[in-house]
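First comes the structure, then the notes that go with it.
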Amino acid sequence: MRLVLLFVLLLPVCLATRFHQKGLFDFMIEDEGSADMAPTDDPVISGFGPVCPFRCQCHLRVVQCSDLGLERVPKDLPPDTTLLDLQNNKITEIKEGDFKNLKNLHALILVNNKISKISPAAFAPLKKLERLYLSKNNLKELPENMPKSLQEIRAHENEISKLRKAVFNGLNQVIVLELGTNPLKSSGIENGAFQGMKRLSYIRIADTNITSIPKGLPPSLTELHLDGNKISKIDAEGLSGLTNLAKLGLSFNSISSVENGSLNNVPHLRELHLNNNELVRVPSGLGEHKYIQVVYLHNNKIASIGINDFCPLGYNTKKATYSGVSLFSNPVQYWEIQPSAFRCIHERSAVQIGNYK
């Protein structure tokens, strides 16, 4: 009789549909009727493994607790967690001990909460954390004592008004830094704040109130995005030392001049975005630049194009040909431009002119 009863109890388990994960955030079991399961106030226990916080989904060391209206970080998170997703909740504070025992965590997603305070010791246990996403919160400053293992920090759409050098000290592994859409001013960026970030390759400080290129940017930088700010001019000092820079975004500012020699400081530049500014002429130095391929100058006040503005005086001195030059929505008339001004551009479709109103 006991054997029959045991067989009856085990039969549903044997016939259960297997879970097939299709992607990193695919946590739903494709099983008909699974949505009819009654919720429980008890934590979910999977086999003999760690407890999964109530209402969260746990699989393959990924813990997803997003879109649950949480007001604090769940307790008793599985210690083997490598990715913790807490986005789209109502968390206001990150406290010391919230991430205790999560020594294997690689990615922490805290996007779109109401976080205004982070304890200086909150991230202390996270010795292996590589990606920290803090965007769309209420932070006034970046937290101190961020893990030295970090490679990516994203904190756009906060209330950050200061960037202190001490915050970035020791963050030698950071490659990506995103700080756009914050009430940040040039005076709020401490001189040399980013110098200690020896591997920093990508930085975006767009849609803020800065009026100049931050000083002391590391030479490792390959992409610098400063679009949508209040920068009025580019001087040579602002680009000094950026010998590895390949992409520079300065669109939607108020730039009226680019100092002579500025582009000499970025010898490996390939893309220059200066559209939607107040330029009255093509920046000097483009003709002599060997590697630049894309130049966006549309929506400015350029009234004339010089014969040597884009191409060098001699032939075969430019190592890379242009793949895109945009000049539309400028006062210059296309019939006033000498054809030889584009003599180093092999594809006619690479040049866009006209449509000025």
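For all residues, glycine too, the Cβ spot is worked out from N, Cα and C.
On a predicted model such as this, the values are computed, not experimentally measured, just so you know.
Of all Cβ atoms in the protein chains displayed, 22 besides its own lie within 10 Å of the Cβ of C52 (disulfide bond). If you look up Swiss-Prot, you'll see C52-C58 (among others) marked as disulfide bond, on the strength of similarity to another entry.
Here Swiss-Prot flags C56-C65 (among others) as disulfide bond. C65 (disulfide bond) falls within neither a helix nor a strand when secondary structure is assigned with DSSP, and so counts as coil. Within 10 Å of the C-beta atom of C65 (disulfide bond) sit 24 other C-beta atoms, taking all shown protein chains into account.
Here Swiss-Prot flags C311-C344 (among others) as disulfide bond. All protein chains shown were included, and the count of other CB atoms within 10 Å of the CB of C344 (disulfide bond) stands at 17.
Swiss-Prot lists 92-115 with the feature repeat 'LRR 2'. Sequence-distant neighbours of the repeat 'LRR 2' (92-115) (same chain, 6+ residues past either end, Cβ-Cβ under 8 Å): 61, 66, 71-73, 77, 79-86, 121-139, 143, 154.
Mapped onto DSSP classes, the repeat 'LRR 4' (140-160) shows 0 helix, 3 strand, 18 coil. Taken from Swiss-Prot, the feature repeat 'LRR 4' applies to 140-160.
Per Swiss-Prot, the feature repeat 'LRR 5' maps to 161-184. Sequence-distant contacts of the repeat 'LRR 5' (161-184), counting only residues of its own chain at least 6 positions beyond either end whose CB sits under 8 Å from a CB of the stretch, comprise 130, 135, 140-144, 146, 148-155, 190-210, 225, 228.
Here Swiss-Prot flags 232-255 as repeat 'LRR 8'. DSSP assignment over the repeat 'LRR 8' (232-255) gives 4 helix, 5 strand, 15 coil.
The annotation repeat 'LRR 9' is assigned in Swiss-Prot to 256-279. When the repeat 'LRR 9' (256-279) is classified with DSSP, helix, strand and coil residues number 4 helix, 5 strand, 15 coil.
The annotation repeat 'LRR 10' is assigned in Swiss-Prot to 280-302. Below 8 angstroms of C-beta separation, residues 234, 251, 256, 258, 260-264, 267-274, 308-313, 317-332, 352 of the same chain, each at least six residues beyond the ends of the repeat 'LRR 10' (280-302), sit close to that stretch.
Here the Cβ of C58 (disulfide bond) has 22 other Cβ atoms within 10 Å, regardless of which shown protein chain they belong to.
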